[in-house]
Amino acid sequence: MTDTVTHTEAATSKYVNVLEGGTELRVHYNDTGAGKETLVLLHGSGPGASGWANFYRNVDAFANAGYRVILVDCPGWGKSDSIVCTGSRSDLNARVLKGVLDTLGIERAHLVGNSMGGHSAVAFALSYPERVGKLVLMGGGTGGPSQFVPMPTEGIKLLQGLYRDPTLENLKKMLNVFVYDASTMTEELMQTRLDNMLARRDHLENFVKSLTANPKQFPDYGHRLNEIKAPALVIWGRDDRFVPLDVGLRLVWGLPNAEFHVFGRCGHWAQWEHAERFNQMLLDFLGQ
């Protein structure tokens with residue numbers, strides 16, 4: 001039986017240099033070490049986000065089940081270098097992830113992506129299908145615009161407003177619609193997120209510059225989803241006010257080998273709001 005280990009951000013923190021468009025980027029990642037298979041966790045695009053901040057409730061469950069867990073800070077977030085993206089952010093993240101995996105000598109990995117991370121996982125699967133084991137997509141994956149909710153959604157408007165005016169008040173406004181139960185957003189969590197945001201004002205400024213240069217950072221790959229043959233698990237929050245539920249349905253319609261699970265009483269952060277059930281669901285899916 002595998003010993004239960006509690007992993008920390010500091011103990012798993014590492015860096016790698018990756019070439020992107022002729023520029024060398026220093027990319028931060030967390031790595032739990034050797035495992036039977038590799039599981040890569042890709043975070044969303046919110047201000048102050050990082051691999052660890054998005055998935056700290058999930059790391060131990062996967063690592064203690066025998067997986068090597070890697071959490072990548074995408075360029076422009078966390079401890080990675082900042083960047084202005086004038087093209088597809090999804091494809092940029094996919095290329096950087098390939099560079100990270102190449103450097104680490106990892107030929108194949110399962111990808112778990114939340115929001116922007118889902119978009120990036122889909123872009124990676126389209127460009128490098130032979131490198132993907134299974135896909136797990138939560139609240140993202142470029143299924144196209146909602147058919148029922150005007151775009152940009154309430155949550156995306158608040159997210160973009162927070163980037164432009166990074167205050168505690170605006171952070172609270174965004175987090176209050178980020179999850180189903182806003183009372184779980186403690187003052188400590190909000191302060192930590194605010195500190196993470198303000199520690200890297202270059203990330204905030206470059207995100208706004210990127211939006212100005214190209215408002216469509218995450219292109220719609222809905223018409224190409226049928227090319228992805230990897231088994232996929234699509235997970236959504238019924239009450240997601242950032243990326244509505246019908247976008248998840250479009251993913252399932254497009255992906256030829258997909259399953260779909262909806263959490264009730266859940267917003268945009270399924271892996272955090274329903275961590276225990278989420279963790280077991282992924283382990284069951286990966287073990288099939």
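Keep in mind that glycine also has a Cβ here, set from the backbone N, Cα and C atoms.
Record features (Swiss-Prot):
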DOMAIN    39-274  domain 'AB hydrolase-1'
SITE      S115  site 'Transition state stabilizer'
ACT_SITE  H268  active site, proton acceptor
When DSSP states are folded down to helix, strand and coil, where does H268 (active site, proton acceptor) land?
coil
Where S115 (site 'Transition state stabilizer') and H268 (active site, proton acceptor) are concerned, what is their Cα separation in Å, rounded?
8
